[in-house]
Amino acid sequence: MKIGIDKMAFATTDKYLDLRELARARNVDPDKYTIGIGQDQQAVVPPTQDIVTLAAAAAQKLLTPAAARRISTVIVATESGIDNSKAAAIYVKRLLGLSDFVRTVELKEACYSATAGLQFARGIVALNPQEEVLVIATDIARYGLNTPGEVTQGAGAVAMLVSRDPRVLAIEETSVSLTKDIMDFWRPLYATEALVDGKYSTSVYIDCFKEVLTRYQQLTGRPLADFGALLFHLPFTKMGKKALAAVLGDRTDGTAERLRQALTASQWACRQVGNLYTGSLYLALMSYLQNGDAHRGSRLGLFSYGSGAEGEFFTGILQPQFAENILPLTPALRQRQRVSVTEYERLFDEQLGMNPADVAFTTENDACPFVLTGQQDHQRQYRAN
Ligand code: CAA
């Protein structure tokens, strides 16, 4: 039985920052951001948006009433959770109007956990082929103003329906996971911004990719020529370029050129929103399928990485109806309003974070479909917008 991704949708905030402007404000050469890091724009998060509103916005695009009835389980993958106990999936389930008879859970392992969610969803569908699982990767990447990581911030969610006879990507059996206890990036319970050993994180990412790919190739005997594309977790687009270069070297044959072109297509969306953490790999997949030379029947390799650290390399076969079941990325990106650096800094400081007080946010400037209206008695308040 084929099992995999049946449909995908993406949501981000309605505001963005031009990173050339940020570079000027930080006294940095803009080329460092746009070429050295490989980012042009970044999603700006108003206090009225968080991982719940973004997740619900992405998932709502996928749901017809019939699809909603088939969902047995909602898995929300995030590393920017809003509660240490209650699953964000419960709020999302209510905002989407799903039946009370669903299973809801939140998964955590840095940027990796959506891949765990996808694999767990495969298991649920294998046991109960009539069921579908809604997997949502949702995050706000937040490093702090004036930090080296600031240029790599971002925000957004990718929602995926996992089912039998999937219309986008049938996931194959062989995958390789690798876990090592290291401190490259983490966020203690008392912090709203991540702590990161930036340079170290980029080198362990590459080491992890090479190790899982090598083992995968030992297990399957598949050369790189067997892949239509290699897709990467993209904390910033240059990271994908470094990872691909680590296995291609200076090869210039047809396979190498195809994989480089596919990488460029997969980076298109990340360049405009920044790091989505759990959703980044899946946004790269959507971006490749909408901008690249993708063909039905082609084998795609996906590298998922979460600091701390865990990596997984797995593969899937593109299905004939993939194009119709990847909801367009362009509207979410085109409808955004550009904000100044001053406005971005104000909005950055207004996010709820760990503030225990009652607050009410003004929602009239927020064009997203769901909003966080504030907090009362330590409870976040959400509604459709
Ligand atoms: N023109 C063109 N390029 C320039 C330039 C200029 N004027 N000035 C500098 N550059 C280039 C540098 O040569 C460098 O390129 P290479 O990496 O190819 O050598 C690049 O710009 C970055 O510059 P620095 O080396 O000075 O790096 P930095 O101090 O600005 O930090 C960073 C970069 C480490 C990525 C930092 O932004 C960071 O810590 N980001 C967050 C951590 C992160 O994203 N890690 C990724 C791996 S971990 C992971 O994947 C999980 C996750 O999502 C976090």
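Yeah, the Cβs are placed from backbone N, Cα and C, and that goes for glycine too.
Curation plays no part in TrEMBL annotations; they are all automatic predictions.
The candidate list ASN128, ASN275 contains one residue that TrEMBL assigns to the (3S)-3-hydroxy-3-methylglutaryl-CoA site with ASP29, TYR143, LYS242, namely ASN275. For the recorded positions shown (ASP29, GLU79), fewest C-beta neighbours within 10 angstroms: ASP29. Per DSSP, the secondary structure of the domain 'Hydroxymethylglutaryl-coenzyme A synthase C-terminal' (257-345) breaks down as 43 helix, 22 strand, 24 coil. Only ASP29, CYS111, ASN275 of the recorded positions listed as ASP29, GLU79, CYS111, ASN275 bring a Cβ under 6 Å of any atom of ligand 1; the order follows the sequence. Here the binding residues for (3S)-3-hydroxy-3-methylglutaryl-CoA are ASP29, TYR143, LYS242, ASN275. Their largest Cα to Cα distance works out to 22 Å. Taking all protein chains in view, 29 other C-beta atoms sit within 10 angstroms of the C-beta of ASN275 ((3S)-3-hydroxy-3-methylglutaryl-CoA binding site). For HIS233 (active site, proton donor/acceptor), the number of other Cβ atoms no farther than 10 Å from its own Cβ, over all displayed protein chains, is 32.
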